[in-house]
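Peer 1: Straight from TrEMBL, here's the annotation block:
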TRANSMEM  35-58  transmembrane segment
TRANSMEM  241-261  transmembrane segment
TRANSMEM  268-286  transmembrane segment
TRANSMEM  321-342  transmembrane segment
TRANSMEM  363-386  transmembrane segment
TRANSMEM  463-490  transmembrane segment
TRANSMEM  511-533  transmembrane segment
TRANSMEM  574-592  transmembrane segment
TRANSMEM  612-638  transmembrane segment
TRANSMEM  650-673  transmembrane segment
Amino acid sequence: MGKRRDSDPDSEYGEPAPYDPTFNGPINKRGCTDIICCILFMAVILGYMAVGILAWLYGDPRHVLYARNSTGWYCGTGPNKDKPNLFYFDILKCATSINIMATALNGLQCPTTQVCVESCPSTFWAVGLKAFSEEDKAKVFNQSLCVPSINLENTKFTVKQIIDNELCPFFHIPTTPVLGRCLPDVTALEGIPSEFSNVPGLPTSINDTANLIKNGTGDILNGFNARDVGVRIFEDFASSWPWILLGLLIAMVVSLLFLLLLRFTAPVLVWVLILGVLGVGAYGIWHCYWEYDNHKQMSASINDIGFTTNFSVYLQVQETWLAFLIIISVVEAILILTLIFLRTRILIAIALIQESSKAVSHIMSALLYPVVTFVLLLICVAYWGATALYLATSGGPIHRVVALNSTTGDCMSINGTVDCDPQNFSSSDYPGCPSARCIFIKYDDESLLQKNLFNLQIYNAVAFLWCVNFVIALGQCTLAGAFASYYWAFNKPDDIPMFPVSGGFIRSLRYHVGSLAFGSLILTLVQIVRILLEYIDHKTREAQNPVARFILCCMKCCLWCLEKFIKFLNRNAYIMIAIYGKNFCVSAKNAFSLLMRNVVRVVVLDKVTDLLLFFGKLLVVGGVGVLSFFFFSGRIPLPGSTFRSETLNYYWMPIITVVFGSYLIALGFFSVYSMCVDTLFLCFLEDLERNDGSLQKPYFMSKNLMKILSKSNKAPKRDKR
């Protein structure tokens, strides 16, 4: 065997694995691999946990979930539990940028008094000129809309003083609650009362008032008007969820049946798909010749047209269709010749696909493992999202004294420069500026935690990517160990070990965390570089010239190809790790050398499998999607069913949900099957190099594969299938 390989031009890719009489599948006697990377990964996980604890201790998501009133209390919780909405006294100050502090405020804060209210005002109201002489302030103002510190029954303030000090609003318009804030109902502004033109503090023109509110808050409202749409969508899900689950169940059954029936239908499907591709090419040749013949009488040529960006013009020229005819004919000829010369390898690919279907039928528990991967990925995403949210809200709010009427000297000297505590603030402390208020400016960014907040968010993102890639690697190594146990069982299914999936999972976690972390780290680093490149491209897009755009495009393309290659290499390295228990670098080298020694078989199997799995996904997603469309649109009502499509506000939402869910289900099932094909293929190549069919070195491959290769075993083989 060695001498024959020495003369093989492919010997530069290493020597085949030597025969081992004790080898019968994934070895049990193995040790821990890539210990240094394992320690590094554990240290990163511990650091990740420390970052999460730090964020949890100092973060406060209520900054995002709840609105704050002018005194710093949250609406909808604590003492304001029954008052979930934030009301702005003078919404015009939120709509204009004339005030100096208006541009300094973040979020939906603005330089006017804000109070928590039980419900948002839904009518037009304003203080009239006669109200200024009113002694009973309770008849002028609504106590529920005033600041809690004032009691209209006992206050000594006059109406003018109440308005000047913003203790109560002097007007309000119809508003609607949006994310806990009372924002103007733009649709109601058309009916603004005429008396609003006589209200002090408002524009004299009614249209000016309406336009000012529209211009300042229209974009906000347009961005959040989806709330009503969201409610309707929720109602649709509430009424159709049993049928959505039924659609997903159908997708699951169809995916499972497709994979199990491939052992019988794979040859037919593969050849039908191949002949379909050739048929499409033949039709293209005929159509191009037909167009070429029709344009033969045209006097215009390609030289007459010259260069133009209107591609349809070229379709009216005879030379264009001649070029298409030549290109498609060459491609068709290449496909036919490839089919002729690689027919044996196509048969091997079909046999491996059939063998994979048998393996899945014997190890049905492998189809449940994507659920484990999904749960672990969900945990990673949830932890990353929660940590990012807590970190982003870890800074304490900073409040400063702001003068609502900053025309006087005393007001101008304190405006936005003095820190304050909104819960203990009193405007009486500033007698020279009675309109002083303590309002939120920004979140603290001067503390040690805040100065390192960006670095912590970067750490959160990098650790998240590493964990996600590790979870995927763990799943691939686990499934590889299970399916390798199937292949190297000489008498199937009697020699298949008990609980092969559990065995592969335990071996991966016990011995190979370091190797899986190593491969995941390499992939993570490439992904980080890709993200940075996308960020640079996004930030510099406006300043880029064509040369810079071309260079960035080439760099992104190269990194995309590199990421795909590393994923391919890692996948096969994990298979070798699951079988032989060696470290990542040795496993990757052995896997790559083995594949390069059989590169033609690799390409054929990869393309045939991709074609078949693409057809399977199309069948599952397309079939279930069409079925759900006809059902949810009411075209095929089920007899005896209480569900009616007329009750849905947006019937396309359940359809999209079913289609997306069907795709995820098909992706989960087919990822297991794809891993099975890749594992059995590597085992098959190892089997060919290790064994020769003799009594001492019998083949472990199926009888169908041996028949295709014109090989046989001298030792009897009990294959119960």
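Any Cβ shown, glycine's included, is placed from N, Cα and C.
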Peer 1: Grab the same-chain neighbours of the transmembrane segment (574-592) for me: Cβ-Cβ under 8 Å, and only residues 6 or more beyond its ends, written as numbers and ranges.
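Peer 2: Contacts with the transmembrane segment (574-592): 13-14, 17, 25-27, 30-31, 33-34, 37, 473, 476-478, 480-481, 484, 504, 507-508, 511-512, 514-516, 518-519, 678-679, 682-683, 686.
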Peer 1: Which listed range (241-261, 463-490, 511-533) shows the maximal number of Cβ pairs under 8 Å with respect to the transmembrane segment (612-638)?
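Peer 2: Per the Cβ count, the answer is 241-261.
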Peer 1: Can you work out which residues elsewhere in the same chain, 6+ from the ends of the transmembrane segment (363-386), have a Cβ less than 8 Å from its Cβ atoms?
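Peer 2: Beyond its ends, the transmembrane segment (363-386) has Cβ neighbours at 52, 55, 256, 460-461, 464, 467-468, 471-472, 474-475, 478-479, 482-483, 486, 496, 499-502, 668-669, 671-672, 676.
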Peer 1: Grab the same-chain neighbours of the transmembrane segment (650-673) for me: Cβ-Cβ under 8 Å, and only residues 6 or more beyond its ends, written as numbers and ranges.
Peer 2: 232-233, 236-237, 240, 243-244, 247-248, 251-252, 255-256, 259, 356-357, 360, 366-367, 369-371, 373-374, 479, 613, 616-617, 620-621, 624-625, 628-629, 632-634
Peer 1: Is the transmembrane segment (321-342) in contact with the transmembrane segment (268-286), using three or more Cβ pairs under 8 angstroms as the rule and ignoring pairs under 6 apart in sequence?
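Peer 2: Yes, since the transmembrane segment (268-286) and the transmembrane segment (321-342) share at least 3 Cβ pairs closer than 8 Å, they count as touching.
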Peer 1: When you scan the chain for residues with a C-beta under 8 Å from the transmembrane segment (241-261), skipping those not six or more beyond its ends, what do you find?
Peer 2: 357, 360-361, 367, 616, 619-621, 623-624, 627-628, 631-632, 643, 654, 657-658, 661-662, 665-666, 669-670, 673
